[in-house]
Each structure stands twice: as C-alpha cells, then as structure tokens.
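See structure below.
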Amino acid sequence: MTRPLVGVLALQGDVREHLAALNDSGADAVGIRRPEELEKIDGLVIPGGESTTMSKLLQIFELLEPLKARLRDGLPAYGSCAGMILLASEILDTRPDAQHLGAIDMTVRRNAFGRQVDSFESDLEFEGIVGDPMRAVFIRAPWVERVGDDVQVLARVPESGGAAAGRIVAVRQGAVVATSFHPEVTGDRRVHELFVDIVRGV
C-alpha cells in the first residue's frame, strides 16, 4: 500500500487543512459525506468542529452506525479536538443526547481548556515522533481525564502549562489516535505522517 486512501469526515471543521496535510504525508485524501464512501477508505480523519453538532450531523447523514461498525472492524482513525471527543468512550460536560463512537477507552472533558479566548499554544514532547518538540494549538480543546489499560498516552501538557500541566492531550489505542490540538493548522505534518504509517501497517 504505497499511498493509502484516507477519508476526512467532511461535515464540519478543518476539512481542507486535513486533506492537504494527508496529501503531504503520503496518502490520497478524500472527503467523506455518505455511508457508502466509508467502504472505500483505508483510514479516516475526524476533524475539529463542535462535537455535539458533529454528532447530530453523523445521524442526519446516516453515518453514525456505519462508522461505528467500520471502527469495530479495525478501521484506523485519527481525531483532532472534537474528533477526539467523538472517539471517546465517555464524555464529560456534554449534552445528554450527544452521540459518540467509543473507539478509545478514555474519558474526555469537553472545552476543558476554556472558551475561545483561553485558546493557547504549547510545545509538546510526543511519544513516537522524533525531532523538535511539537508546537500544539489548542482551541476550546478537550483533555483526557482517564485512559483504559490498552490506551497509550502520547503527549501531555508540559509543566510550564500552568493549571493544565500534566493533562493528557494525545492518545492511541490500536490503530486509533486522538489529539486535543490541531496539527493541521501549524504546517507540522508529523502527526499526519504517524497516522498514515499506522494506516499502511494495518
């Protein structure tokens, strides 16, 4: 599999930025809006946006159950920000009717870093990614409050991060990866390259 076909859930969020990042990282990338399109892809990116709105759109576009089924069957997936929330098995501070995919055994707190004005950037050490620390952009971002035994913690907010110091902001379980931050907006392709490598290896 030289250039795997990776879909980007194209309902909301930084779709174009993820498509560009995937193309730069050695994948052929395509927007996904219909259930039948899920069958053709080797991996899926779930972009940021507003998680409760995205969960409604998944139901409206009849993607929720087909996507859950593909994830159960081992489809590699990567979620950033709201995508992380949707991939979680448990979500705190969300609407009672919000749907999620349950692909990673973790508890996530929505908007944990605060409102838009509380958005910030930080340099992170990221497990499995070599080179300089990764510049991470957090926009009304979640953090992870609990992970299951099979979940690998990939990054935490550094000690210089104030009240958020030590909080988990990147995880992996099997072929599913999630980050609180938005690597698609910085030009640093290393998270997307890691995910494309995971897709190739499945």
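Just so you know, glycine gets a Cβ as well, placed from its N, Cα and C.
Pulled from Swiss-Prot:
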{"type": "BINDING", "residues": "G49, E50, S51, R110, I139, R140", "note": "L-glutamine binding site"}
{"type": "ACT_SITE", "residues": "C81", "note": "active site, nucleophile"}
{"type": "ACT_SITE", "residues": "H182", "note": "active site, charge relay system"}
{"type": "ACT_SITE", "residues": "E184", "note": "active site, charge relay system"}
_Recorded L-glutamine binding residues, G49, E50, S51, R110, I139, R140 - maximal Cα separation rounded to whole Å_ = 13
*Once the chains shown are all counted, how many other Cβ atoms turn up within 10 Å of the Cβ of C81 (active site, nucleophile)?*
27
*asked:* I'm trying to understand the geometry here, so how far is the Cα atom of E50 (L-glutamine binding site) from the Cα atom of H182 (active site, charge relay system), in Å to the nearest whole number?
replied: 13
_Under a three-state reading of DSSP, tell me whether R140 (L-glutamine binding site) is helix, strand or coil._
coil
*Where does S51 (L-glutamine binding site) sit by DSSP, helix, strand or coil?*
helix
*Determine the most Cβ-crowded residue among the recorded positions E50, E184, using a 10 Å radius around each Cβ and all protein chains in the structure.*
E184
*Near S51 (L-glutamine binding site), how many other Cβ atoms are within 10 Å of its Cβ?*
28
_Cβ within 8 Å of the L-glutamine site centroid (G49, E50, S51, R110, I139, R140 excluded): which residues?_
G48, C81, A82, I85, N111, A141, P142
*What's the CA to CA span in angstrom from G49 (L-glutamine binding site) over to H182 (active site, charge relay system)?*
11
